[in-house]
Amino acid sequence: MTRSALQMGRLTLVLCLLLQLVLVTQACFLGNCLNDGERDVDGREAMRPCKYCSFGQCVGPQICCGDRGCEMGSEEANKCREEDEDSTPCQVFGWPCTLNNPGNTNGKCVANCIGICCVTDTCVVSSECQKESKSGIRVGCQRS
């Protein structure tokens, strides 16, 4: 074999390996696939609403929040552990808020009347969640 034929063979081998690498990385991994094994073309996971608890929605495995506040570790809040059994992630309703929580700073405002911002493992009172309408009444709260 000539020297140029060897170089062409190596170049072809390198190109084939690069193509194979690209095809393998396009595979369906656990974190970016829907239940039927198809890759989500937008790169987003399918979402469903989080389960409801006695007076609001499940925010984490042991956190139930609604307009009257949040319960953590109570019997009712422990029903939220069922969320962990479902492989499809759920979406907590509420506008975004920021927590000073290492590794998980993107929370949701879940108790508008009180102004509580939660992530899956903790909640804090946040002025960011006490949004008011133009009339000065907190959004989602009833006048008493």
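Keep in mind that glycine also has a Cβ here, set from the backbone N, Cα and C atoms.
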Which of these links to Cys129 by a disulfide bond in Swiss-Prot: Cys70, Cys80, Cys90, Cys109?
Cys109
Record Swiss-Prot, residue Cys117, disulfide partner from Cys90, Cys97, Cys141:
Cys97
Out of Cys50, Cys118, which of these disulfide-bonded residues shows the lowest number of other CB atoms within 10 Å of its CB?
Cys50
Taking Cα atoms as reference points, which of the disulfide-bonded residues Cys70, Cys97, Cys109 is nearest to Cys80 (disulfide bond)?
Cys70
Between the Cα atoms of Cys58 (disulfide bond) and Cys109 (disulfide bond), what distance do you get, rounded to the nearest Å?
13
Cys65, Cys97, Cys123 as disulfide-bonded residues, winner by CB count within 10 A
Cys65
